[in-house]
Amino acid sequence: MSEVKPQIVVKVAPRQRISAFLNKESVAGWLFIAPMLIGIGIFTYAALVVSLGISFTDWDLLTPAKFNGFDNYYTLFTRDQAFVDALKNTLFFVITLVPLGIASSMFLAILLNRRIKGLSFFRTAFYLPHITSTIAIAAVWLWIFNPDLGLINSILTKLGVDHPPHWLETVVWAKPALLIVRIWQVAGYYMILFLAGLQTISDDLYEAASIDGAGSWQKTWNITIPLLANTTFFAVIMLTIESFNIFEAIYAITEGGPGGSTNTLLYYIYTEGFQSYRMGYASAIAWVLFLILFLLTLVQFAIRRRKE
């Protein structure tokens with residue numbers, strides 16, 4: 001009959017923990033990261049607390065702040081049609097950009113995961129829009145969407161379209177035009193994530209599927225997409241947050257127009273806070289946006305857990 005050896009549990013005294021924490025190496029490490037921690041504490045967490053307090057005031061940068069309770073939040077949901085329109089525009093970009101951005105980036109990743117000539121060039125070319133300055137990107141796309149001299153309308157005219165759309169000057173076409181710009185910007189970044197996920201999939205699975213007679217589409221649908229589930233989940237969360245926070249392209253290309261058709265929540269926060277100087281009202285909008293993102297993230301994690 002075998003003997004069961006008792007497990008020895010070594011407990012570390014509190015004094016030993018403190019002395020280990022305060023040794024020279026630990027102190028040096030904390031000193032090196034202290035400036036970063038202080039900056040994050042002041043400009044992130046302290047700013048969050050301050051903005052929450054400001055959201056309950058009527059502060060306008062010019063006069064002393066006065067506490068007004070929930071008046072800003074009440075006005076948002078009952079009297080401010082511009083807020084409702086900005087929320088609708090933001091949801092449009094979320095509903096369209098997330099699936100189209102994920103699909104396009106996954107397609108590029110699968111396409112560039114093969115051994116082809118110039119592979120590094122193509123990967124770099126598709127990634128460049130993500131790291132290029134938004135102002136430079138705006139200048140290029142303003143020319144592309146130009147109704148008279150733009151590339152797109154020139155092609156449409158040669159194809160026989162008599163009256164090509166004025167992309168950035170009409171309510172109907174402004175949002176789709178910005179959607180194209182954003183997909184072009186984000187596809188390369190999420191392509192890199194999916195490429196990293198594809199590297200973890202064993203070639204043996206594809207070889208076994210080929211022996212069983214599976215085609216390219218069947219291997220993609222039954223092997224690639226399921227095994228990229230974790231990467232896709234992360235990409236969906238990040239792109240959802242990014243879609244709610246769309247700002248730079250709107251600021252540089254349409255400035256919320258025409259007729260407020262591209263005015264999103266983040267751009268509305270900017271106009272209310274830094275153009276109308278209604279900092280209390282802008283802070284209330286920012287906290288509503290934060291709560292929406294927080295709840296959506298919780299829902300996405302809950303759905304993920306149920307599937308697992």
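A Cβ is built for glycine as well, from the same backbone N, Cα and C atoms used for every other residue.
Just so you know, TrEMBL annotations never went through curation; they're auto-generated.
In TrEMBL this protein carries:
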DOMAIN    87-300  domain 'ABC transmembrane type-1'
TRANSMEM  27-54  transmembrane segment
TRANSMEM  91-112  transmembrane segment
TRANSMEM  124-144  transmembrane segment
TRANSMEM  183-201  transmembrane segment
TRANSMEM  221-241  transmembrane segment
TRANSMEM  284-303  transmembrane segment
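Listed as Cβ neighbours of the transmembrane segment (183-201) (distance under 8 Å, sequence separation of 6 or more from its ends, same chain) are residues 97, 100-102, 104-106, 108-110, 112-113, 123, 126-130, 137, 223-224, 227-228, 230-232, 234-235, 238-239, 242, 249. Pairs of Cβ atoms less than 8 Å apart link the transmembrane segment (91-112) most often to 221-241, out of 27-54, 124-144, 221-241, 284-303.
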